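I have placed the structure first, in the form of structure tokens, so that the comments after it can refer back to it.
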Amino acid sequence: MLVIHTIAELRAHLDEHRQNRRKIGLVPTMGFLHQGHMALAQKAREESDVVVLSIFVNPIQFGVNEDLDVYPRDLPHDIALCKENGVDIIFAPSVAEIYPEPIMTSVEVQSLSNILIGRHRPNHFRGVTTIVAKLLNIVEPDKIIFGEKDYQQLIIVRRMIRDLSYKAEVIGVPIVREKDGLACSSRNARLTKEDRAAAVILSQSLKKAQKRILEGEKDVSTIRQLIEDDIKSEARAKIQSIDICHATKLDTLDRIDNQPIVILLAVAFGDVVLIDQQLVTPKEKAL
């Protein structure tokens, strides 16, 4: 496995692979890797001949008073985990390598970036799509792999790739959860012991809502209230947003008919905001 820090060196290696007609899969991450990321790497391994995993804490997707300075980093741990999980190349550039001077160009999927999580994190998704566009230009992958936990991000990246005619196919991978149901996240490491125990309320409330929908509940306000009451029963949880949307368009809904939906949560525990989601389709059975 190679660990590469410069764009020029990465391109040189990937050009050799392309000359040998090898398919390239890209897994973009911000590091501090966990089993959720490894599920993405394993999917990339299945879908491609060469797996590139990028590690870059992207400053332009963090807002004022967000957690850029305290975002967890551990490159030696990440390297060891990638070696165990079939990654061929880690691309771990510095900020100066990616943004050698103040960036003047950005990429934004306008309408989708300013709703849902975007209401609370202005310019966040513009930062995400800008770095993903740069990585697509640098790596030129055949496949790019994202987790479904960051569901709005997945939908936005799909739209950007379609709108800008990138060749890469976007593949989404289902959420990987801890044994108690908490979605794997790098931010989990920043939770206190008490907040970590409390955070399981997210997956629990989503499963209850899923069950209620599959039992026939159609009214979105009823489902939202069910989730809100459940989360508020945990004193350590502070709700940032609860959204119930069309699963592919992200339109907010008043009523659930036969369309696939997604329930999106953003909830703070102390100064750590966790996100989670549940996809529900009409023929799905409750877990």
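Quick reminder: no glycine exception, Cβ is built from N, Cα and C everywhere.
Annotation comment: Swiss-Prot describes 30-37, 147-150, Val176, 184-187 as ATP binding site, evidence class sequence analysis. Around the Cβ of Met30 (ATP binding site), the number of neighbouring Cβ atoms within 10 Å comes to 17.
Residues near His37 (active site, proton donor) in space but far in sequence (CB under 8 A, at least 6 apart, same chain), listed by position: Val27, Thr29, Leu53, Leu81, Gly147, Cys184. The annotation active site, proton donor is assigned in Swiss-Prot to His37.
Residues or ranges marked as beta-alanine binding site by Swiss-Prot: Gln61. With a cut-off of 8 Å between CB atoms and residues at least 6 apart in sequence, the same chain places Asn123, His124, Phe125, Arg126, Gly127, Val128, Ile131 near Gln61 (beta-alanine binding site), listed in sequence order. Taken residue by residue with DSSP, Gln61 (beta-alanine binding site) is part of a helix.
What Swiss-Prot records for Gln61, Gln153 is (R)-pantoate binding site.
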Between the Cα atoms of Met30 (ATP binding site) and Gln153 ((R)-pantoate binding site), find the distance and write it as a whole number of Å.
14
From the Cα of Gln153 ((R)-pantoate binding site) across to the Cα of Gly36 (ATP binding site), what is the distance in angstrom?
16
DSSP-derived class (H/G/I helix, E/B strand, else coil) of Gln153 ((R)-pantoate binding site):
helix
Which has the fewest other CB atoms in a 10 Å radius around its CB: Leu33, Val176, the listed binding-site residues?
Val176
Rounded to a whole number, how many Å is the Cα of Gln153 ((R)-pantoate binding site) away from the Cα of Leu33 (ATP binding site)?
18
Which is it, of Gln153, Ser186: the one of these binding-site residues whose Cβ has the most other Cβ atoms within 10 Å?
Gln153
